[in-house]
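Report on the following structure.
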Amino acid sequence: MLTKFETKSARVKGISFHAKRPWVLASLHNGVIQLWDYRMCTLLEKFDEHDGPVRGICFHIQQPLFVSGGDDYKIKIWNYKQRRCLFTLLGHLDYIRTTFFHHEYPWILSVSDDQTIRIWNWQSRQCISVLTGHNHYVMCAQFHPTEDLLVSASLDQSVRVWDFSGLRKKSVAPGPSGLADHLRNPQATDLFGQADAVVKHVLEGHDRGVNWAAFHPTLPLIVSAADDRQVKLWRMNDAKAWEVDTCRGHYNNVSCALFHARHELILSNSEDKSIRVWDMTKRICMYTFRREHERYWVLSAHPTLNLFAAGHDAGMILFKLQRERPAYAVHNNILFYIKDKQLRKLDMQANKDAPVMQIKGGSRHQPYSMSLNHAEFCVLVTWRIGDNCTYELYNAPREGTEVSGEPARGQAAAAVWVARNRFAALEKNNQLVIKNLKNEVSKKISTPNCDEIMYAGTGMLLLREPDCVQLLDVQQKRTIASVKVPKCRYAIWNSDMSLVALLSKHTVTICTKKLEQLCSITEGARVKSGAFDDSTPQPVFIYTTANHIKYCCKDGDFGIIRTLDVPVYVVKVLPSEGAAKVVCLDREARPKVLTIDPTEYRFKLALVTRQYDQVLHMVRTAKLVGQSIIAYLQEKGYPEVALHFVKDARTRLSLALQCGNIEVALEAAKSIDEPDAWDQLAKEALATGNHQIVEMCYQRTKNFDKLSFLYLITGNLEKLRKMMKIAEIRKDVSAQFQGSLLLGDVKERIRLLKNSGQLSLAYLTAINYKQTEEAELLKAAIEASGLPVPEANPNAEGLTPPLPVLRAQGNWPLLAVSKSFFEVAGTARAGAAGDTSAISAVADVEEPLEAGGAWGDDDVVLDKEEGEEGGEPQEDACDDGGWDVGDEDLELPEELAPIPADIDGGEDSSQYFVAPTRGVSLATGAKLKTAHDYVTTGQFEIAFRLLNEQVGIVNFEPYSETMLSMFSCGRVMFSALASLPPLQAHLHRNWKEASGKDLLPVITAKLNDLVGQLQQCYQLTTSGKFTDAIDRLQRIVRLVPLLLVDSKQELAEAQQLLTICREYLLGLQMETARKGMPKNTLDEQKRTCEMAAYFTHCKLQPVHQILTLRTALNMFFKLKNFRTAASFARRLLELGPRPEVAQQARKILQACEKTPTDEHQLLYDEHNPFNICGISYKPIYRGKPEEKCPLCGASFMPEHKGKLCPLCGVAEVGKDALGLRICPLQFQR
């Protein structure tokens, strides 16, 4: 008897198994009905509505129902899904003993101490038949499994068999004869009627009251249990029924008896505190299972599984009569297993199953285990029958040979092969003996605490002790290693014997071959079996529990692969390209092949072993979903991989913030569009210094206080003034006053106080800040109001906020780090360029649907702005010594003309401290070549001169903030002593390989940063914010001469960057001017059309080129210049616009081709190549004289020579210059 589950409760009077789910109902003597999950060993639900003991209980075979009957004379029908009683059937007049559902009809069978048997229709909720005949309490009644019969047992010492076919014909289905007769003669009446149920057999033979009677599932047999301590077996046919035999052995009332569905056995339990198992053929007791103090009252069998339950005074016990695990062994791809006393082998690759030989021992019992010696083709088979443990040694026949002789036998609890010609047997006295192939003892080893031995390779054994497993070297007779695994049941090795999985009842422990524990997993359900998948980079253990197939990696990762309806025993994992196959044996020893999806554990292994190409392949092709895989990736530090799986915006936001991907987080926040999401994004963006995103988040959530503070700390005074105006519109006087304080706007403060009626405070503010005229007016107003004029404090000082060193500070400069494997692959898959320096990459924006509207609308609303971002990498500027270094005489260092400390030459000169002469700064004394290096070291004059000579810059005012920022980024401030001001030092880029005058300053302006800003300019252009785009493009152009690049490729990219910015600046400035022009007369309209046509010749990105062509197309079509409009339409279609735009362009093209003429003559020849003048916006055709801007390369008419270039705003048109010098390679000769 193998106990599977045990409960503690009040006396159990009724038990019922669910047909499909691992559930069992127990009805108790205290009126409670318990619903247990016996697989997970948990109480699922309690039902407590009966008053007094509940004796009858039964699950419906299909519906989510069960029925109960109690001592309160009530039958209750319950729905376990709804967890409530649906209705109550009343009719019995005494205790109800049993209740059963019919397996097919909507009937309930109940018996009672009122001496009646009742059949109820639970659908109509009515009693359809009352069976009378017993003259004492009826203790039990059950339906026959297939026929229209029922059996009842009563304390009148009789068992009755009833035929209820008449009731079935009347109420359920007439049957072939009944319906035919009825239709043939509908007028005929049955004078006497047909009885609902008639007694077919009365079985008398018990000397006392009968407590239970039950049919055999397939044979015409009945078993009964009675108070005369006997279990009787009856046989019946259509004519009669008779007693076959009596099973005697119980020495108190027998409570219950039933047949075993698969074996010729009878189970009975009794008030003598025992369960007995009887051989049905020999009528002898085979096993007796006793309890100490509890009497048994009820017995129940599972309808399909080999599982029984018995109720006693203190609860319930679930048990099996024998072990169901088949005995098997695996060698390579051959599975050897024992089924029906026959050794069979299965070729798992070819799927061929064939018998090998008969197994003789063990009588009717299943073998406990088997061990295969594949070299000698010998098999050890062990049996454990109660306390009797035996083994048999078979020489298995090879193909084409016969079985030779009888097997060798012996007494041992376990027998395992340890070598080609040796096996180990564990005898009863815990002594380990080594035997040869002739079953002769060759060695003995004492193992006092060992109760099980398991295979561990040639010459090695695993010894199981109560709380550990030990590795024994058989030759040396000593223990090599040990691991603490309590009550280990099985040991499973991988193919190369490097790993072993030790299985306990609820734990899986994976160890190395030296028993070093790698991981341990605890399961809620019982662990059944397992096998290693050796096809992966690291072996993965695939194991089964009672209801799942799971996996376990050696690093401790585990998960569910699939669910199981019934337990199976894994013998081998066969890998394949896609799904893997698991070869199993079920409890009937039938081989099965289950397909499993190994993607999840292969994915985790690929991550662990850093095989990122496989990870990416699985991400794209496999269906990896679920919160578990996302949580795993988060836990292991791969949130960027988890982003590939997640579609939910909230989860994407969380993951993107975790891996610092602000762009993805912004998309997710936009789709969620809730204050909480914007707050999370703002917090993360602020931590990374992305002020632009922070500003947008605060605008979306209308968090004006934080927005004002953001503008204050980033030095954006212009937008801080806008916030003050917004506060005025919102009528938020407090915020308005705070804004004026932060801006130092005294007049605004006075005005606010005055308007708020705070005349005294306004007067004091005006006096303290020397606003005399305003103070006089306020004084007069106070006196007119009859209020006392407050006296000003003569020592009062006005509060003036310090001016920001860096105004409109941009995003913090970020380190240029290489993208992760997954980010690069994700970018490539999205179609974007993986190289961050690819300047010509198309902006990651979509073509707008409408050319007008937002495109070209320069009205800026603060709530819709995305903030301004500075074009150069900046840090906080240092203190006020910033410009002193630049004022030093670089040609004449101070050491050539030292100033003595004794200036007066007095006699007391020795009293003065003579400072040492100041040395030359390494920064200023280095061999510098580029403007970047001179700016970073603070030598601005030389930088100005270089910029003028190289790219013709004459207007240096826009450079003040940029250069100051670069200078501050090139220095570091640190404290030496607490009493001294901080010291400063210059940072160097070549500090590893150089020293002294060869040290060069750190790079403070990078090409990649400008490329990123260009992408933002693309976005601004697409959204029609031309003013902001022009401002940023000019910043990029001005910063290019201050770059420092290392290679000719980067130099070419910087020159390409200048070209792109020039084209955009020219086009956007021209478009802005065109929009501001009047369009009243025909000449004015012709001029605007000319400028729109010129705009289409600016070399812009395709998405923007489409917009320029759409604008020009519409304008020329309205002007009736159809020939030119048709040309624009063709150019537009070549760029592949959106389908709706293409359709409209084709319609216009068709209309233009009908009349291919131009009504007006314009100054525009598309076939003659030209450049556009950056001031007059007129074409300069090829061959005509023109002047160039030495910085941006823009073209101008000759008359504009000497003017300031309006595109870049800093260079002189037509000035002779050397050209861009930003690479050290350009200075080599």
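Glycine residues also receive a Cβ, built from the backbone N, Cα and C atoms like all the rest.
Annotation comment: TrEMBL describes 47-88 (among others) as repeat 'WD'. With helix defined as DSSP H, G or I and strand as E or B, the repeat 'WD' (47-88) counts 0 helix, 24 strand, 18 coil.
Confidence in the repeat 'WD' (89-130), given as mean pLDDT, stands at 94. The repeat 'WD' feature in TrEMBL is assigned to 89-130 (among others).
Summarising the annotation, TrEMBL assigns repeat 'WD' to 131-165 (among others).
Annotation source TrEMBL lists repeat 'WD' at 203-244 (among others). Secondary structure of the repeat 'WD' (203-244) per DSSP (helix as H, G, I; strand as E, B; remaining residues coil): 0 helix, 25 strand, 17 coil.
If you look at the repeat 'WD' (247-288), the same-chain residues 6 or more away from its ends with a CB under 8 A from one of its CBs are 1, 211-212, 214-217, 221, 223-227, 229-233, 294-301, 306, 308, 310, 312, 321, 364, 386. Residues or ranges marked as repeat 'WD' in TrEMBL: 247-288 (among others).
Summarising the annotation, TrEMBL assigns domain 'COPA/B second beta-propeller' to 341-585.
Under the heading domain 'COPA/B TPR', TrEMBL lists 626-776.
What TrEMBL lists as domain 'Coatomer alpha subunit C-terminal' is 820-1227.
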Exercise for the section: Please spell out the DSSP helix, strand and coil residue counts for the repeat 'WD' (247-288). Expected result: 0 helix, 25 strand, 17 coil
Exercise for the section: Summarise the repeat 'WD' (131-165) by DSSP state, stating how many residues are helix, strand and coil. Expected result: 1 helix, 20 strand, 14 coil
